[in-house]
Amino acid sequence: MGEVARRIDFAEESSPGGVSEGEPLRVVLRVRPSTDEEKLRGEEEAVSVDSAAGRLRLKCRDRIHHKGSVRERGEAQFQFSTIFGPSSSQRDIFETTTLPLVEKLFKGKDGLVFAYGATNAGKTYTTQGRGNMRPGLIHHACQKIFDTTSRTGTDSPSNAKLEHEVNISLMEIYNEKCYDLLGDNETKKIVTLRIKEDARGSLFVDGLKKQVVKSVEQVTHALSQGMKLRRVAETDSNERSSRSHAIFTFYLDQFAVHAEGVTELVKSSSLSIVDLAGAERAGRKQGCDREKIRETSHINKSLMNLARCLEVLKENQRRQDGKKHLVPYRQSRLTRLFQPSLETGSAVMIANISPLLRDSDETIHALSCAALACQVHVGTNSLYSWNKENVLSARKTPGENSMTRELARERAKSSQLECEVKRLQLALAKTESRICTMESEVREEAANEMEQALAYMETECARRLQEAAETSERRVEKRIELITKTARKKMLGRARGYVDQAASTKYREWLDEEIDQRKFEEQLHQEERIELLDRIEELEIVLKDCKCVKDLSAVIDEAST
């Protein structure tokens, strides 16, 4: 009977018209700055932010991946209450998103903060930070928790001293399986953990280790050691892309120590900070193999189911007949763990986006889910419509003794449950029929969209092929012209070299011939000179002989006279 009474209280707290009065799921948008490497590569940015007006405009990379006004205009527009630009600090993000949940943690209320977005959007940087100079949400939350616990006080009703105990846990969801990252041995990734419910209906992860911490340094060390075991891989967008959802949880137990030495648990609450893996098309991954495609499939499946849960929660709030659809939390490990916070706690979504044009298609889809989350209220507990009058009448059933009243209560409860089962069966049949109708409509719509997309792709491919052919033709012509000029220059240079070489060879041959000729002439002149000298000597001898003869003839003449 206690469970029925609890459900009646929820129904009484619900607002008229079937719309629940829960807290709105707060959505904060954060735009990361471009890195130095991206600036050096000349990456084009596609984001235009007006933080004062809460307006964001984003150009799409390829219209074929979108529909409606986005395909027509070539850009998407979104409106958010809080937008942090590229120059925002980690402290600003913490004070806006996580600090209120830390304050509620000491009031006994659970909280959830999750970083959502496409890959390479800065989710891990937001939650974990980068070193001691730029700490993330986990470090700031840890510091705030220990600063508050260091100021111990007294519980006013009983004047008891308050003591606090802080535990942490770290797990990952990889391929729809839960793994403990703070386990005691290296086989922690082999042992998968299961999500269970206790006797009160509360969810817990069976076998997940909770580590007692007493300082910020212990938390930082445990976080760094656990994150070393998290699955990461290299993609086109990110060198260390997270391939699993990481869930870091603070558990705060508050004890009242009375003067008699009796210790009493006053409040127990938790705060989870989640770094979701980024959605990405399998075609954009480098070296796509079967394992990486499987990882991407599981990541996209869990994120799509999260969006589906948010859509059902929004529809349940709008229903006027009080009948609500069952939220598909159980279709994914991630949404199953998010269920307590989305139903009874406080939740904040940090939508991280990349400013680059190459990531704009995935960013638009992520922002569509964030825009849907802005319309959801968390803290709506009742999923079913219970008939309060029947239960109250069962409470007022007359009887002569307590057994009769108890029997009447049990009969009323049994009748109530039978009616509820029949209603659920009827609702299930209607839901299945509606699902079949929706499936046929979706298939027809998908076929039409696919036909339009194929026609658009055919036109676009023809246009791109024409442009590519023209571009290739121009490049070939330029190449031929360049090759012709280069060949002409080389041929002229070689011809000049050949001419110079031939001229040089001919000149050398002529010079050698001249030298040989001169040597020959000199040798000839030398021989003629020697011959002339010999003749001169012979003539001198002849002259001498003639003179002697002349002298002799003169003597003879003289003698004859």
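Note that Cβ sites are derived from N, Cα and C of the backbone, with glycine treated the same way.
Keep in mind that TrEMBL annotations are predicted by a computer and have not been checked by a curator.
According to TrEMBL, the protein carries these features:
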type	residues	note
COMPBIAS	1-10	compositional bias 'Basic and acidic residues'
REGION	1-25	region 'Disordered'
COMPBIAS	13-22	compositional bias 'Low complexity'
DOMAIN	24-376	domain 'Kinesin motor'
BINDING	G117, A118, T119, N120, A121, G122, K123, T124	ATP binding site
COILED	407-434	coiled coil
**Prompt:** Relative to the Cβ position of N120 (ATP binding site), how many further Cβ atoms are located within 10 Å?
**Reply:** 25
**Request:** Inside 10 Å of the Cβ of G122 (ATP binding site), count up the other Cβ atoms and send me the figure.
**Result:** 19
**Request:** Inside 10 Å of the Cβ of T119 (ATP binding site), count up the other Cβ atoms and send me the figure.
**Result:** 25
**Message:** List every residue in the same chain as A118 (ATP binding site), at least 6 positions away in sequence, whose Cβ is under 8 Å from its Cβ.
**Reply:** G278, A279, E280, I353, S354, D359, E362, T363, H365, A366
**Message:** Sequence gap of 6 or more, Cβ distance under 8 Å: name the residues on the same chain that satisfy this around K123 (ATP binding site), in order along the sequence.
**Reply:** A115, Y116, G117, S242, D275, L276, G278, I350, N352
**Complete:** Averaging pLDDT over all residues of the coiled coil (407-434) gives 76
